[in-house]
Amino acid sequence: MDSIFNQPKPVVTIQDEVKNALVQNAAPYPLPEGKRFQYGTAGFRMKADVGLDHVVYAVGIVAALRSKRRNEATIGVMITASHNPAEDNGVKVVDPMGDMLEQEWEEYATQLANTENALFGDIYEKLTNDLLVDPVHQVHTRKSKVVFARDTRASGPHLIKALKASLDALHVEYTDYGILTTPMLHHMVRCHNTKNSPRPFGEASEAGYHKKMANAFKKAMYGRKIKGHLTVDCANGVGGPKLHDLLKYLPNASNDGIDIKVVNDDVIKPEALNYECGADYVKTKQRAPPSSNAVPFERCCSLDGDADRIVYYFIDDNKEFHLLDGDRIATLAANFIADQARVAGIGDKLKIGVVQTAYANGASTEYIQKVMKLPVDCTPTGVKHLHHAAKRFDIGVYFEANGHGTVLFNDNAIDIIKGHDPQSPGQKHALESLDALIDLINQAVGDAFSDMLLTEVALAHRAWSPQDWMNTYIDLPNKLVRVVVPDRNVFKAVDAERRLESPAGAQARIDHYVNLTNRGRAFARASGTEDAVRVYAEAHSARDAEKLANQVAEVVETYGMRAASKS
Ligand code: 16G
Ligand code: MG
């Protein structure tokens with residue numbers, strides 16, 4: 001029998017009209033000379049005025065191709081540079097279920113971004129043939145579908161214009177959502193693609209997003225009270241206006257709800273974005289933003305510039321700062337969910353686990369494994385790796401220490417939660433809380449709003465103050481160092497970035513210093529977003545952590561120089 005796989009691959013020619021339009025529409029967005037762009041961990045990110053418009057134009061082509069590859073599913077494009085300074089911007093592509101662009105396609109995005117305008121028509125034709133044509137999967141004649149949004153940066157409107165220019169050349173059907181947080185755009189994408197599925201994600205509108213979250217929050221609280229108020233630092237980014245919108249849907253303090261004080265919500269002064277505020281500032285400087293006026297023992301949290309990341313903190317009566325980072329949110333959330341599952345009588349039916357990276361504090365990992373008795377997986381840095389690993393559990397809780405993360409419930413977990421017949425009022429209550437969490441948690445991607453409400457729910461159920469939360473385990477002192485080397489790419493990490501495979505010999509030196517340190521652990525990895533190598537070290541005392549970090553940094557410097565002198 002003649003298999004269809006033996007048939008010759010048809011060749012598709014793209015009409016001249018489309019190829020010419022692709023070249024012409026690109027005219028205002030030339031490829032700058034001598035620049036090389038790369039789709040990295042968080043898409044493309046750079047100074048907004050050095051060719052990013054060319055890159056965004058190219059990303060429009062990627063999104064159109066990707067939509068066709070996925071049978072005209074809706075693809076998302078988000079224009080943001082997250083926690084970077086105001087003059088930067090960036091762009092990333094969102095896949096149909098609201099997750100990150102499939103890794104293999106990062107390469108095509110990189111290829112397109114580095115293409116001269118005159119060649120856009122030809123490369124589109126080539127990629128169409130390479131990626132979309134095979135004997136079983138013919139190129140479709142239906143239109144590609146793309147939805148997009150931007151954060152509040154001043155360069156946003158110009159970049160949106162560049163995006164529309166390539167989408168127009170390719171006759172893409174698109175929706176411009178204007179200004180959104182990154183997770184809201186991910187939500188829209190998933191809503192569009194699950195509209196007619198057995199598990200629709202929700203309504204693809206801003207009101208739909210807010211209503212879904214607010215209703216789930218009310219249900220998950222189950223009449224619990226939240227003590228005191230929560231100060232939310234919005235990094236002077238898109239989170240500010242969007243949080244004000246969400247608050248209109250949430251029950252407020254006088255209504256058994258949540259008392260939120262919003263700070264750093266200035267989106268008028270462009271230079272204020274991420275300046276001395278926001279999740280990145282708080283996590284890296286280990287201090288509250290000067291503007292937050294934190295009151296002792298009151299809950300504070302900070303979002304990043306596009307609201308896909310959150311950390312909590314409080315100050316004590318000595319004005320000492322205490323950080324409750326992604327590791328803390330992961331342990332709180334996993335503990336709460338595992339407890340509810342046990343109370344609901346479905347604990348033994350569900351595989352619940354936590355996913356972390358090597359940056360997770362060793363004390364948190366030990367707490368999850370030994371006290372909570374849950375399995376922990378470690379993956380390389382970057383949301384896409386954690387997200388993927390979390391899918392291996394029925395309920396997978398994943399967080400990076402820096403505050404990126406969410407919880408994924410698979411179909412099995414959802415069926416069990418929705419289908420279990422409660423045997424007591426206690427079981428019914430716990431099942432209803434879990435059911436509400438399925439909607440409260442943005443399962444498309446980590447979402448600062450959703451993570452914030454999840455944290456508030458978990459604290460309220462336990463009647464915990466931030467100190468109670470802090471007291472669950474004691475962090476090991478740790479230190480991060482950034483080392484600049486001639487070529488960071490010679491540092492190749494393996495084992496979820498916990499060990500260096502090259503340069504040869506470097507890991508043995510690191511091991512030597514780690515072995516001399518009480519409760520020592522350290523690793524070095526090339527950054528995915530900056531031209532540097534990052535070193536992390538922890539130990540039983542702050543002095544030892546610092547010493548170990550410096551020793552490992554020295555190893556990195558030495559081996560980095562050695563590799564450069566050999567090449
Ligand atoms: C990006 C990643 C973040 C990661 C960080 C590491 C996403 C959406 N963002 O911001 O998860 O922690 O890169 O940066 O995946 P680094 O490689 O420079 O240390
Ligand atoms: Mg972000």
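Placement of Cβ uses the backbone N, Cα and C atoms for every residue, glycine included.
The domain 'Alpha-D-phosphohexomutase alpha/beta/alpha' feature in TrEMBL is assigned to 69-115 (among others).
Counted within 10 Å of its Cβ, the other Cβ atoms near Asp304 (Mg(2+) binding site) come to 32, all protein chains included. As annotated by TrEMBL, Mg(2+) binding site applies to Ser82, Asp304, Asp306, Asp308.
Annotation comment: TrEMBL describes Ser82 as active site, phosphoserine intermediate. Cβ neighbour count for Ser82 (Mg(2+) binding site): 28 (other Cβ atoms within 10 Å of its Cβ, all protein chains included). According to its DSSP assignment, Ser82 (Mg(2+) binding site) is coil.
Residues or ranges marked as domain 'Alpha-D-phosphohexomutase alpha/beta/alpha' in TrEMBL: 141-195 (among others). When averaged over the domain 'Alpha-D-phosphohexomutase alpha/beta/alpha' (141-195), pLDDT in the model lands at 97.
Per TrEMBL, the feature domain 'Phosphoacetylglucosamine mutase AMG1' maps to 228-311 (among others).
Annotation source TrEMBL lists domain 'Phosphoacetylglucosamine mutase AMG1' at 325-464 (among others). Assigned with DSSP, the residues of the domain 'Phosphoacetylglucosamine mutase AMG1' (325-464) fall into helix, strand and coil as follows: 79 helix, 20 strand, 41 coil.
Annotation source TrEMBL lists substrate binding site at Glu400, Ala401, Asn402, Arg525, Ala526, Ser527, Gly528, Thr529, Arg534. Sequence-distant neighbours of Arg534 (substrate binding site) (same chain, six or more apart, CB under 8 Å from its CB) are Leu480, Val481, Arg482, Val483, Ala524, Arg525, Ala526, Ser527, listed in sequence order.
Annotation source TrEMBL lists domain 'Alpha-D-phosphohexomutase C-terminal' at 480-554.
Of all Cβ atoms in the shown protein chains, 32 besides its own fall within 10 Å of the Cβ of Asp306 (Mg(2+) binding site). Spread of the substrate binding residues is 17 Å (greatest Cα-Cα distance among Glu400, Ala401, Asn402, Arg525, Ala526, Ser527, Gly528, Thr529, Arg534). Between the domain 'Alpha-D-phosphohexomutase alpha/beta/alpha' (141-195) and the domain 'Phosphoacetylglucosamine mutase AMG1' (325-464) there are 3 or more Cβ pairs closer than 8 Å, counting only residues 6 or more apart in sequence, so the two stretches are in contact. Closest in space to Asp306 (Mg(2+) binding site), of the binding-site residues given as Glu400, Asn402, Gly528, is Asn402, taking the CA atom of each residue.
Ranked by CA distance from Gly528 (substrate binding site), the binding-site residues Ser82, Asp304, Asp308 have Ser82 at the top as the closest. Cβ neighbour density within 10 Å is lowest for Glu400 among the binding-site residues Asp308, Glu400. Annotation for Asn402 (substrate binding site): spatial neighbours Ala279, Asp280, Lys283, Arg309, Val311, Asp325, Gly326, Tyr359, criterion Cβ-Cβ under 8 Å with sequence separation of six or more. Cα of Glu400 (substrate binding site) to Cα of Ser82 (Mg(2+) binding site): a span of 16 Å.
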